[in-house]
């Protein structure tokens, strides 16, 4: 059986989600997405010309990808809901990544407003993937509100600082019966692989790919890292030990 990630009505074989911001051009973005094999692509609605969407970056996203508009720029649940409704009305589908940010220095998500927006949009039939500051109680409330998956940050968005919240993410993976998709802060393929080895369902990467010297090659590197991390998780990582343990007998062969 294929190792598929089921979210909403989609069965995904790629566990790398890609953001479309910060690329030098739409053409490079499209090439990077294509080389990565990603099936879910997130885009900020405020960058899309809704009067002529086919002349925006949407034109360069490979056919067959699931488009996941995000509510970047929303400061309240009400603003996030409004953006999501506009996206669906414009033909962008019913997937939405909820981003509600009131902190303008670290761009940390407002978990309280995120729960409110999730509950409203889930009731309206959206497939809601909320971006959140990792917190077990909030994650439980997001699940109760109807989230299809939960997207905790690894580090502040765009920072490329890696999995600074790894222990909190590990708790969510253990305790929440929903796909946990690590979003924000991942700066290296090795960090994406670590998230997958921990048991994350997927990772979302943007800045680390878009701002690399060769974004297309970096997208491929992340794809391979995510695949390797998932394979390692399914294979079962060997336990760590405090002391050394020889792989071959140390006594008896000289007798």
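A Cβ is built for glycine as well, from the same backbone N, Cα and C atoms used for every other residue.
Among the candidates 158, 229, 236, the residue that Swiss-Prot names alongside 184, 185, 206, 207 for the 1-deoxy-D-xylulose 5-phosphate site is 158. A simple Cβ count within 10 Å picks out one of the binding-site residues 158, 185 as the most packed, and that one is 185. A simple way to gauge crowding: the CB of residue 184 (1-deoxy-D-xylulose 5-phosphate binding site) has 28 other CB atoms within 10 angstroms, across all the protein chains here.
One residue stands out among the binding-site residues 206, 207 for having the most other Cβ atoms within 10 Å of its Cβ: 206.
Neighbour list (residue 97 (active site, schiff-base intermediate with DXP), Cβ cut-off 8 Å, at least 6 residues apart, same chain): 42, 68, 69, 70, 71, 129, 130, 131, 151, 183. Site extent for 1-deoxy-D-xylulose 5-phosphate: the farthest pair of Cα atoms among 158, 184, 185, 206, 207 sits 9 Å apart.
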